[in-house]
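**Q** Here it is: the structure, laid out below.
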Amino acid sequence: MIKIINLKKFLFPWISTDISKIKLNSIKLNSKKIIKNDIFIALYGNCNHGKNFIFEAIKNGSSIILIETKNILKHGIIYFIKNIPIIYFYNLNYSLSELSGKFYLHPSRYMNVIGITGTNGKTTISHFIAKWLFLLGEKIGIIGTLGYGCLNKMKKSKNTTNSAIKCQKLLNFFLKKNINTVVMEVSSHGLHQNRVNNINFFSAIFSNLSQDHIDYHKNMMQYEQSKWKLFSKLNVYKYIINYDDVIGKNWIKKIPNSIIVSTKKNSIKKFKNLKMYVKDIFFHYFGTKLSISSSWGSCVINTKIFGEFNINNLLLSFVALLTLGYNFKSLANVAENLTMPNGRMKIFYVKKIPRVIVDYAHTPDALEKVLSAIKLHFKKNIWSIFGCGGDRDKSKRRVMGKICDLYSINIILTNDNPRSESETKIFNDIKIGIKNLNKVNIIPSREHAIKFAIDNSNEKDIVLILGKGHEEHQVFKYKKVFFSDQILVNKILYKT
């Protein structure tokens, strides 16, 4: 929709210009997607600078171009090509969230945005919150790994946390649809790249921190600092932290008014903070029964949720809704109907055939939590099928091999997005962590690996397929092909 914008006000306080009214349609980062009256944002990229594509943007109809510069002396310089203003903008990437917020009328100021960060659990927590409100008959917007939209009506997205422009655009979209609460997964990449700088968060949730993305952040300290940005530098009203995580314990010391959750009843009773913890817990074949105590009340719920780590996710979700003012008893009454999100601890069961579980776990911590949860609930032998992504953090491969070795009677190494890296090299890196190589089979074809495990295991076993979960593709060097663990398992077990 075309807007007539006062460019002088729009660029204030960053840039002073005499250009007043200008027609603007939307803000875009991709010159190929520019249409008439769009703003083209030319940022530094991994391989190219966006300024190399300004002529394409002009040809496609851009009405104004902002070029990121790291030279402060160039800031505010304006020149024209075919009467189109080209403006240099110092550190544009940092200010893009606020600029986009201006364009989309700062939607987060008029709604409750729940931001979730952590290595694992972001998608599950956002799903629990959305499902809980769905059970109460309310709508909530979702932005995250599984896409964006409302529960059961999601559109796929490329990244967990969208670009600064897309985040503001989506919040504006939800607001126009009278959806006043949005749950957003906030990744370390999104935080480091300033994508959510200008979003007002009603609450920020921290789930956990463990090894991941070291190929990007270089070390765990940098990785933690990226996550910490949500709690230390952005506009947040309520802080909700998992005390069972080591980093969470440290952060609570830095944020004395944070709300604390724990699955261990004696760990947080001493705190005067608002809190929620588990008094008693029983893991069974069909889920988990737990007794909860909190600053809002106590209850006993029987859930279809597996694993202690997912109980943490449930508590964090519960507290997030309580801080928004939802009734404790109403939430507790429908908790038994909560389900896991797509591709998380997805259980397939057919009589006289091994139970098959598909899970997204692709980090050492997530792997260990899923494996230990299966032992806890089912007490069966585990066949683990997994691989590690190519061109990504290599240091976690041997660790994941070691963890699988501890819990599994059989390990099948297979492809999981090898990209441009040699699959043999990836498998060899994983094998370094495995002491008993006699239990290892290498089957590069993921389809053949899954079929082999199901055919050769028995009904007393669990076949655990790790790494992809909801994903529906395999990424190789020169191609991206359709592949879904869940569709394949359905086809094998149910002949569909």
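Just so you know, glycine gets a Cβ as well, placed from its N, Cα and C.
As annotated by Swiss-Prot, ATP binding site applies to GLY118, THR119, ASN120, GLY121, LYS122, THR123, THR124. Here Swiss-Prot flags LYS227 as N6-carboxylysine. What Swiss-Prot records for ARG392, ASP416, ASN417, PRO418, ARG419, GLY467, GLU471 is meso-2,6-diaminopimelate binding site, and it gives sequence analysis as the kind of evidence. The motif 'Meso-diaminopimelate recognition motif' annotation in Swiss-Prot covers 416-419.
Could you tell me the structural context for the features on the list?
**A** All protein chains considered, the CB of ASN120 (ATP binding site) has 25 other CB atoms within 10 Å.
For LYS227 (N6-carboxylysine), the count of additional Cβ atoms within 10 Å of its Cβ stands at 24 [all protein chains shown].
Taken residue by residue with DSSP, GLU471 (meso-2,6-diaminopimelate binding site) is part of neither helix nor strand, so it is coil.
For the motif 'Meso-diaminopimelate recognition motif' (416-419), same-chain residues at least 6 beyond its ends with a Cβ under 8 Å from one of its own Cβ atoms are 362, 386-392, 426, 446, 467-468, 474-477.
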**Q** Based on DSSP, tally up the residues of the motif 'Meso-diaminopimelate recognition motif' (416-419) by helix, strand and coil.
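**A** The composition, in the requested order, is 0 helix, 1 strand, 3 coil.
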**Q** Of all the binding-site residues given, namely GLY118, GLY121, LYS122, ARG392, GLY467, which is spatially nearest to LYS227 (N6-carboxylysine) at the Cα level?
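**A** Given the candidates GLY118, GLY121, LYS122, ARG392, GLY467, the nearest one is GLY118.
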**Q** In whole Å, how far is GLY467 (meso-2,6-diaminopimelate binding site) from LYS122 (ATP binding site) when you measure between their Cα atoms?
**A** 16
**Q** Going by DSSP, give the three-state secondary structure for LYS227 (N6-carboxylysine).
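**A** Going by the DSSP assignment, LYS227 (N6-carboxylysine) falls within a helical segment, counted as helix.
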**Q** Out of LYS122, ARG392, ARG419, give me whichever of these binding-site residues has the highest number of other Cβ atoms within 10 Å.
**A** LYS122
**Q** Reported as an integer number of Å, what is the Cα distance between ARG392 (meso-2,6-diaminopimelate binding site) and THR124 (ATP binding site)?
**A** 24
**Q** Are there any residues at least 6 positions away along the chain from GLY467 (meso-2,6-diaminopimelate binding site) with a Cβ closer than 8 Å to its Cβ? List them or say none.
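**A** Counting only residues 6 or more apart in sequence, the Cβ neighbours of GLY467 (meso-2,6-diaminopimelate binding site) under 8 Å are TYR360, ALA361, HIS362, PHE386, GLY387, CYS388, ASP416.
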**Q** In angstrom units, rounded to an integer, how far apart are the Cα atoms of PRO418 (meso-2,6-diaminopimelate binding site) and GLY121 (ATP binding site)?
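**A** Counting only the Cα atoms, the answer is 24 Å.
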